[in-house]
Amino acid sequence: MNNPVRVAITGAAGQIGYQLCFRIAAGDMLGPNQPVILQLIEIPPAKDALEGVAMELEDAALPLLHGIVTTTELDEGFKDADVALLVGAKPRGKGMERADLLAENGKIFGPQGKSLNAVASRDVKVLVVGNPANTNALIAQANAPDLPAENFTAMTRLDHNRALAQLANKTGTHHTRIKQMTIWGNHSSTQYPDLHHVNCDGKTATDLVDRDWYENDFIPTVQQRGAAIIKARGASSAASAASSAIDHIRDWVLGTDGDDWVSMAVPADGSYGIEPGVIFSFPCTCEDGQWKIVQGLDINEFSQARLDATDKELREERQAVESLL
Ligand code: NAX
């Protein structure tokens, strides 16, 4: 058996955190031979709820679970963390402007970046789930100058998986037979789900669906799926969000499959004309614990306009939090 891996989760008593704890401790994220220690972080009002989660984890007697830390102190929670899932965030309150939301979350993700910088493993893999995820990841990364910038990512895997599901339903193909899906940009309604490079059971996806469905049904459905879930369920996506976070880290640590790629929001490096300074979702492959942006994909005029729009939104978000970077 390997040595236990330390997985820190903020917002661990919330809906996504509750799902994450059990799936990770069951081996779904790091494999059936990898013991884990869960380091669960909450804010003081949720401390009792967090103790309840820890009690349930104990009661499940999961073989891979080798320890549980519950805390409201960042340095205790992030100590030696190999993986950090930053899920807890401030929800948008009534009448709150986007800039206020960004600023409120900056107060959370700045200190979390500083704490990771001080006490986490130097190889810590950070995934920000809490919204606005891309810009929260940027704030955390900017506050952790001693950690490599590429350790900081944000989640667009749920959007990626939602896009697979929509195309699978439309074409009658099982989603495991669909490869090379891409979500570009921000985890927001400006994200761009791109079908141009998708291989659907050996065929080019854009040959299988008509343009009208792609532009006027597929793209808005994927962009607004989160709102549709809230309307139907009366609560935001939780199990699917946790599942996608697990997919993101599993592929980052264990590698992507063959010639397939995944969508990850990572620090922009100039690829596809996206200048450094934002955390942008790109098609990525992973090997030996490192992600790499897939290069050389053709971007047509239609795609370019959408990349520009989501990039513009991320630059505006960046401007709103400039003082926190
Ligand atoms: P919940 O409100 O159920 O849980 C959030 C938990 O975080 C609460 O227990 C709260 O006490 C805790 N928390 C708040 N501030 C904290 C802090 N500073 N430190 C530690 N813990 C803190 O929300 P949940 O449904 O679990 O969603 C969590 C976040 O994920 C939200 O920001 C949500 O918008 C975001 N999502 C992001 C998605 C993505 O694809 N990137 C999809 C799902 C989800 O909507």
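Quick reminder: no glycine exception, Cβ is built from N, Cα and C everywhere.
Remember, TrEMBL labels are computer predictions, not curated facts.
Feature annotation from TrEMBL assigns domain 'Lactate/malate dehydrogenase N-terminal' to 5-152.
Annotated NAD(+) binding site per TrEMBL: GLY11, ALA12, ALA13, GLY14, GLN15, ILE16, GLY17, ASN105, GLN112, VAL129, GLY130, ASN131, in sequence order. Shown in sequence order, LEU40, GLU42, ALA46, ALA49, LEU50, GLY52, VAL53 are the residues of the chain, 6+ apart in sequence, with a C-beta less than 8 angstroms from the C-beta of ALA13 (NAD(+) binding site).
Around the Cβ of ARG162 (substrate binding site), the number of neighbouring Cβ atoms within 10 Å comes to 24. Annotation source TrEMBL lists substrate binding site at ARG92, ARG98, ASN131, ARG162.
Annotation source TrEMBL lists domain 'Lactate/malate dehydrogenase C-terminal' at 156-321.
When other Cβ atoms within 10 Å of the Cβ of HIS187 (active site, proton acceptor) are tallied across all protein chains shown, the result is 28. According to TrEMBL, the active site, proton acceptor annotation covers HIS187.
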Neighbour-count leader, CB within 10 A, binding-site residues: GLN15, GLN112, ASN131: GLN112
The domain 'Lactate/malate dehydrogenase N-terminal' (5-152) [mean pLDDT, rounded to integer]: 96
DSSP-assigned states of the domain 'Lactate/malate dehydrogenase N-terminal' (5-152) in counts, ordered helix, strand, coil: 67 helix, 28 strand, 53 coil
Cα distance (Å, whole number) from ARG162 (substrate binding site) to GLN15 (NAD(+) binding site): 19
